[in-house]
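Trainee: One structure follows; several queries about it will come next.
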Amino acid sequence: MPHALTYEEPSLVHLLVLASFIYLLNVVRVISDYLLYAGIVAEIAFGIVYGSPLASLLPTSWESTFTALGYLGLILVVFEGGLSTNLPILISNLPLSTFCALTGIGLPIALSIALLNAGFGYRPLEAFAAGAALSSTSLGTTLAALNSVTKSSGSTEKIPACTPRSERPSTDASIPLASTFVSPQSANASAPTLSAEPSLQQSRIGTVLISAAIIDDVIGLVIASLIPALASVDSDNSSVQGNLAWTIVRPLLSSVLIAVVGCMVARFILRPLFWYHGIGERWCAPARPGKTWGAFSMAGAEAHWGTETHADTVKLLLMVATVSAMVAITNYAETSVLYGAYVAGLILTYISEPPIPTTSSESYDSSISEELEYRQRELSFEDSFARMVGPLQNYFFLPLFFASIGFAIPFLDLWHPTVFWRGIVFSILMCIAKLAVGLPILFYSATVFFAKSPPVRFRRLISSLLKATTPLRRTAPPPATEALPHTAIPPANHDSHEKRAQAQRMGSSSTNQDHYSVPSMTAASIPPAVFMGVAMVSRGEIGLLIAQLARTGSDSRSSEASTSGLLGDEAFLMAIWAILLCTLMGPISVGVVVRRWGPKVTAGIWT
């Protein structure tokens, strides 16, 4: 007799609990978005209420299932972040992102050691483990907060209305590209135009934020791998101490190799394959006059094949294959699977970018630009992801992820008096540590100002400072020649005096303008800096993982267990307090900052 699960009708109680949990989870998110600008807060709190910490309405097996489904939603939101990333801006700002990430990692660990070790008397390794749990930023929480404030503020990029099939451009190689293109604006005068303002995720400050959070996650995984080894060192387990260096180097080395090899494979293999005889565009863009869809055998069936749904289905297949491959590679390389999902999004965005056609006529530049924008929208994996996966992700996977964070918080144990006040103090210090990530944004503005022409601007700044600190001197009396009639002064000399006076006035105004442009640029960078700091405050899944590993001293994926952990019960609960409050305050602060300053967050050099 074959083994199979016995089919039984679920009980009414289980059906009501399940239906109410999924429905109310979305209801509280909408209410929290309206009141606090952060539905994430309500979802975490709802997970605490429905899960094991308080009411225990959900069976433990359901909580494990919801945690797995929620982590799938986390992978999807990180993948979507890779699809929406501006790749040129990411590469050009990688040093700044790295510096911000290192600031956000080093300060929490340093302040944790200073407070817990010097102030509260905990062991140095215990203080390090608590700071390590608070060093990483929750990438999923950050991206979800960005998506929430972007959608609610209406700052997303507007896509023009679709042009009718009969008026869509043709990309037939036998016909000149620009001569066959019909602009959507000319075809339909009522169609809305494309907004030139990029979305928050595609802006420079948004790209720096996401890449810094990615680096935080990678280094957080290194620390997570290091915690069991440190616990073994603390317990004098010599069998593990010899592999300590390789434990530290392996995740970093594998992350760098994945980035380098992934770039080479995308550049020299995947992109040429995608554009070989237009195969990628033939399958991933809908049919239109002059362009068939799919295989050549489908060319005569344009009425039945080649709709937007067919193209989205093919792109969904490519997304599933790419994400699965990169997640598997990063998992077996023992680095972050979220890092693999982000790289997968970058790869698909890069290989689907239409090549720029070459033309000898300058009159076709406008038409070619419009044609490229049109083809880019048709090939957009981000738009297809939003249509195919977006609703399921927004209303099911992501709410389950944030509810699963609530499942893992020992809520009732947090209210011991000593744990409570120390946890609050520790939480405030950890918030300040991540807010300091905005300082490199302020310093970067002044650096850009002086980097354009350092010697000239430096001399002008010194000159203006000397003039400001030197007492005013009384000017000498005019020479005797000025007492003569005006006609006695040669016209040439009069013109030269006027020109010199005008040049001095212009030079003085230029000096003052350059001098005061330093504080003006710094003031303009205050909203982006504050946004960067508050967006990095959120902790979450990585922090809970590190805290749990530091408490037990073993990795759940490893068969070997340590004798004891680095964190005691009191220090563990303090770390949970900080993770909880930072995860709650981060999204709320992001919503307040974006609504308070609006376009100022992405103004100037941070566009």
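Each residue, glycine too, has its Cβ placed from N, Cα and C.
A TrEMBL annotation is a machine prediction, not a hand-curated record.
The compositional bias 'Low complexity' annotation in TrEMBL covers 473-487. Here TrEMBL flags 505-514 as compositional bias 'Polar residues'. The domain 'Cation/H+ exchanger transmembrane' annotation in TrEMBL covers 28-147. TrEMBL lists 153-172, 473-514 with the feature region 'Disordered'. Taken from TrEMBL, the feature transmembrane segment covers 12-28, 35-56, 68-87, 99-122, 128-149, 208-231, 251-270, 395-412, 424-451, 571-594.
Could you place the listed features in the three-dimensional structure?
Mentor: Remote same-chain partners of the transmembrane segment (12-28), defined as residues 6 or more beyond its termini with a Cβ less than 8 Å from a stretch Cβ, comprise 39, 42-43, 45-46, 50, 57-58, 62, 395-396, 399-400, 403.
Long-range neighbours of the transmembrane segment (99-122) within the same chain, counting only residues 6 or more positions beyond its ends whose Cβ lies under 8 Å from a Cβ of the stretch, are 128, 130-132, 134-137, 208, 211-213, 215-216, 219-220, 422, 425-426, 429-430, 432-434, 436-437, 439-441, 532, 536, 568, 571, 574.
Long-range Cβ contacts of the transmembrane segment (128-149) within its own chain (Cβ-Cβ under 8 Å, at least 6 residues beyond either end) map to 33, 37-40, 73-74, 77-78, 80-81, 104-106, 108-113, 116, 122, 200-201, 206, 209-210, 212-214, 216-217, 219-220, 223, 226-227, 230, 338, 342, 398, 401-402, 426, 430, 433-434, 535-544, 546-547, 550, 566-567, 571, 574-575, 578-579, 582-583, 586-587, 590-591, 594-595.
Through the fold, the transmembrane segment (208-231) approaches residues 81, 85, 90, 93-94, 96-98, 100-102, 104-105, 125, 128-129, 132, 135-139, 142-143, 146, 201, 240-241, 243-244, 247-248, 250-252, 255, 334-336, 338-339, 342, 437, 441, 531-532, 535-536, 542-543, 545-546, 549-550, 553-555, 558, 562, 564-566 of its own chain, all at least 6 residues removed from its boundaries and within a Cβ separation under 8 Å.
Distant neighbours of the transmembrane segment (251-270): 218-219, 221-222, 225, 326, 329-330, 333-336, 339-340, 343, 346-347, 350-351; these residues of the same chain sit at least 6 beyond its ends, with a Cβ under 8 Å from one of its Cβ atoms.
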Trainee: Tally the residues of the domain 'Cation/H+ exchanger transmembrane' (28-147) by DSSP class, grouping H, G and I as helix, E and B as strand, and everything else as coil.
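Mentor: DSSP composition of the domain 'Cation/H+ exchanger transmembrane' (28-147): 96 helix, 0 strand, 24 coil.
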Trainee: Residues sitting near the transmembrane segment (35-56): Cβ under 8 Å, six or more positions beyond its termini, same chain?
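Mentor: Distant contacts of the transmembrane segment (35-56): 21, 24-25, 28-29, 63, 141, 144-145, 148-149, 152, 399, 402-407, 409-412, 580, 583-584, 587-588, 590-592, 595.
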Trainee: Would the transmembrane segment (395-412) count as touching the transmembrane segment (424-451), if touching means at least three Cβ pairs under 8 Å and pairs must be 6 or more apart in sequence?
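Mentor: Since fewer than 3 Cβ pairs under 8 Å link them, the transmembrane segment (395-412) and the transmembrane segment (424-451) do not come into contact.
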